[in-house]
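Reading through the structure tokens given below for one structure.
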Amino acid sequence: MSTPSIKLNDGNKMPQVGFGLWKVDNATCADQVYEAIKVGYRLFDGACDYGNEVESGQGIARAIKEGIVKREDLFITSKLWNSFHDAEQVEPITRKQLADWGIDYFDLYLIHFPVAIKYVAPEVRYPPGWYVDDAGTKIEYSKASLESTWKAIEQLKKKGLAKSVGISNYTGALLLDLFTYAEITPAVLQIEHHPYFTQENLVKLAKERGIAITAYSSFGPSSFIECDMKVAADTQQLLSHSLITGIAEKHGKTAAQVLLRWSTQRGLAVIPKSNHPKRLAQNLDVVNFDLGDDEIQKISDLNINLKFNVPTNYGIPCYIFA
Ligand SMILES: NC(=O)c1ccc[n+]([C@@H]2O[C@H](COP(=O)([O-])OP(=O)(O)OC[C@H]3O[C@@H](n4cnc5c(N)ncnc54)[C@H](OP(=O)(O)O)[C@@H]3O)[C@@H](O)[C@H]2O)c1
């Protein structure tokens, strides 16, 4: 099954549906990536912080070796972790991540979060996580500004280490600030986006500036239940919400497919994660039916500005979304 692509502002093309690699177990990751390629996935959304870049690369290498795909058929995304924002750390860590994947360029490389924390050498702890100490008690900030980090990211594109570059978890204010200093406009903004958190104005701002949006955590609370997050457990699940299941039944689709179609029909890319092969196939099949305008509006009306992916919701005292 093939999916349509979104044309990015730098001329590159990004598949509209991909496979998200957060919380994909190391033990099964290589097989899952390999199977996902067989099912038809071409975009893989990874990150240093997910701790599975080596295994993801193994899955890709196997598929390439068996002639199922070529490197240029794939779209591989990774992200700069917070501990590597100091300008002089950006290229070395990108090169390490490329080596972990076993590739020589990323299709897209994003600043993961708009916060610079103190450098931890990969030999000391990798991925480093949020804390400076092994015990996980202390967050220390770096003095790197987002401007200096973005300028280092621009160099990655100029050197061909990343074909496209972008940001994640930026707010409107941070984007407007970025426009004052960026020589290269980000190609992609990756944000939490689901019916409880529709971020209409941020989507509008990005669209106005020609920045494509990738939605993460499209199923809302489901992903965060896996992380034992209380607010996610206390919230009505979108996958079993009567509005969503009712629309799904009408179209002969699953609730997951309706949630993903709601995003793709609004022009966003999606990167659902699943550890189950059947769901993987289902999640890719989310562009071949159409929701009615009234259905899209009703789903959008579920918005309650509820963001789950906030450090403090995991007990991490880092107030970037304060
Ligand atoms: N930039 C960032 O800061 C950021 C943050 C979060 C996520 N992301 C990216 O976005 C990707 C997706 O987000 P996410 O992992 O948070 O969550 P998600 O894709 O919204 O949801 C994943 C959850 O939904 C379940 N699920 C998947 N497909 C399903 C289906 N068809 N039917 C029923 N349940 C289904 C999964 O369970 P099973 O695995 O058991 O199927 C899992 O519990 C991540 O993997 C990551 O690549 C980026």
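From the backbone N, Cα and C atoms, a Cβ is placed for every residue, glycine too.
The feature domain 'NADP-dependent oxidoreductase' is assigned by TrEMBL to 18-303. Feature annotation from TrEMBL assigns active site, proton donor to Tyr50. Look at TrEMBL and you will find Lys79 tagged as site 'Lowers pKa of active site Tyr'. The feature substrate binding site is assigned by TrEMBL to His112.
Shown here: features listed in TrEMBL, placed on the structure.
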| residue | record | DSSP (3 states) |
| --- | --- | --- |
| Tyr50 | active site, proton donor | helix |
| Lys79 | site 'Lowers pKa of active site Tyr' | strand |
| His112 | substrate binding site | coil |
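The Cβ of Tyr50 (active site, proton donor) has Leu21, Trp22, Lys23, Val24, Pro127 as same-chain neighbours under 8 Å, each 6 or more residues away in sequence.
A mean pLDDT of 97 is what the model gives for the domain 'NADP-dependent oxidoreductase' (18-303).
Within the same chain, residues at least 6 positions away in sequence whose Cβ sits under 8 Å from that of Lys79 (site 'Lowers pKa of active site Tyr') are Gly46, Ala47, Cys48, Asp49, Tyr109, Leu110, Ile111, His112, Ser168.
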